[in-house]
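Heads up: the structure comes next, in structure tokens.
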Amino acid sequence: MSPPLMRQSSQPEWDPRRQGRRLLSLFVDVRDGEVAPLAHAFCAFFCILFAYNLLLPLRDDAGVSLGTNFLPTLFLMSLGAAVIAAPVAASFVSRPGLAKERAVSQLYYAVGSLLLVFYLLYTAASIGGNGAGSTGSAPGLESGREQVVQGEGMALGDSGKDDGAPVDRENPADGAGGSQGAEDAVRNGDAHMTMMGRSLRVCLFLWVGVQNLVALSTMWARCADIFTSDAGARLFGFIGAGGTLGQLAGSATARAVALRLAMGGQSGNQGAAGPPPYQLILLSSFFLFCTGWLASHLRGGQPHGGHKAKGIPQEGSGASGRSYVSRLWEGFALIAASPYLLHLCGYLVLNYSVASLFYFEKSLIVAMSVKDSNSRAAWFATVNMYSGAIIAVIQLTVTGRVIKYLGMPCSLAITPFICTLVQLLVSWSPIPDMIAGAEVGRKVLTYAISRPAREALFTVVSQEERYKAKICIDTVIQRLGDSAGAMIFQVVEGFLALGAHSVASWGSLACVAWCISAYTLGMKNQTLAAAAAAAAGG
């Protein structure tokens, strides 16, 4: 007797791609064939920004421990490193005969491997320990463990003294080893740091900036290859949100690790501060390896059912074949021929100059106030964490409505206007709490309002100007602005030693010029947009 036939189930077969699209469609307009590349791109940006924000507090602490007078030199070196790294990375991922997804994944594997080398060198040299390195505490300063975050404060305190000791707000380090010796140590770095320690810190400072530039630009270029303009308009905002979440999670992780090490040192009675949390380098390397795996799976393909997706072009459609240097020169030529683009570049130079001045002020004030590497790393990570959290909330809720309500001139000018006020406040009271609030406010306004408005500035230029000029703006113009801020700091603090309040005063003047440039640029943008609309209507 034959077995009875099993009744066919009326339930449709479970399709993970269909379910994934249904889930993603709650947040973004995703279509057939876009689910897999969208998910891989989202996770890749999360990993890239997570890895970067793990290293960012270490980079900032490395700059402080080398001495604030050396920071402008580091910024100039960063300019050279960026100019060299960008074409090298572009050539690496454009090698002939190699699939683009494989070349991109190899780049991230190489970057992650280099971080492993950094970790091994830091471990072998015992940077910050009793061997080859230094804790990053300046000689003549107390260990400062009593100033570690007491629970939920944003700043880690502003003095390493006993509670009964008087505090000089301008020079919080006065006391233990003498004011002059402490200030010299802050400005010139730890005299007890070995050559190995200094070299590794310089290399780490430069590499973190290069890593962020290369990792982000390469992944965005890969997304431009994978997604068409229509798909990019729908999906790139969601992909960028992955990076925002990565920034927040990376900063929170770095803060937790640094605080644990700093507070762990409190339990001991020894006077030496603990080593910086270079375990974060190992974790950052792991997430870059994850990015490499994701990049190897980030490719265009056929949607479920065998039909070509509308939003995904054939592989390699975005390949150019032209050298990076030739495109750079084409961008310079287009900028020189356009008064609007020249004005835009002037605005951006002032923007980046003010940002670098904020960075130098922050480093100087923290170096004077927070004494050991773990506490400094926790302080920097705390500022990054609060900034990322507020930015994420604003981007998801009010960014578009605020820009539409304010208009382009005010949207561009609001950040420099507020920065002028906070620079004056920092000049009046240069303490960690003040600079922390100022830095959070500047970052929130920049990333939640000014940067989206800035991207809209390119909508009134030709497609050729938009893409070719943007290559120069994203690399050379940004670094020129950083270098301009570095030169101002070098004169005011490095040569004249006028202190943080004078740096902030000069920064407020730069903010005024930036505000004027921003507002007039916004007016030009509105004029060009109105002319384009009239031409299209006619």
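Cβ from N, Cα, C; glycine included.
Bear in mind that TrEMBL entries carry predicted annotations, made automatically and left uncurated.
Taken from TrEMBL, the feature compositional bias 'Basic and acidic residues' applies to 159-172.
Feature annotation from TrEMBL assigns region 'Disordered' to 154-185.
Feature annotation from TrEMBL assigns transmembrane segment to 35-55 (among others).
Annotated transmembrane segment per TrEMBL: 75-94 (among others), in sequence order.
As annotated by TrEMBL, transmembrane segment applies to 106-125 (among others).
Summarising the annotation, TrEMBL assigns transmembrane segment to 204-223 (among others). Long-range Cβ contacts of the transmembrane segment (204-223) within its own chain (Cβ-Cβ under 8 Å, at least 6 residues beyond either end) map to 41, 44-45, 48, 51-52, 55-56, 58-59, 62-63, 66, 74, 77-78, 81-82, 85-86, 89, 93, 100-101, 104, 107-108, 111, 114-115, 118, 232, 236, 239, 243, 288, 291, 295, 298, 318, 474-475.
Under the heading transmembrane segment, TrEMBL lists 235-258 (among others).
With a threshold of 8 Å between CB atoms, the same-chain residues lying at least 6 positions outside the transmembrane segment (332-358) that come near it are 75, 412, 416, 419, 438-439, 442, 446, 450, 454, 457, 460-461, 464-465, 468-469, 472-473, 477-482, 484-486, 488-489, 503, 506-507, 510-511, 513-514, 517-518, 520-521, 524, 528. What TrEMBL records for 332-358 (among others) is transmembrane segment.
TrEMBL lists 378-398 (among others) with the feature transmembrane segment.
Annotation comment: TrEMBL describes 405-426 (among others) as transmembrane segment.
Taken from TrEMBL, the feature transmembrane segment covers 503-521 (among others).
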* Would you kindly check 75-94, 235-258, 405-426 and say which stretch has the most C-beta pairs under 8 angstroms to the transmembrane segment (378-398)? => 235-258
* Asked: If you count Cβ pairs under 8 Å, which stretch among 35-55, 75-94, 106-125, 405-426, 503-521 touches the transmembrane segment (235-258) the most?
  -> 35-55
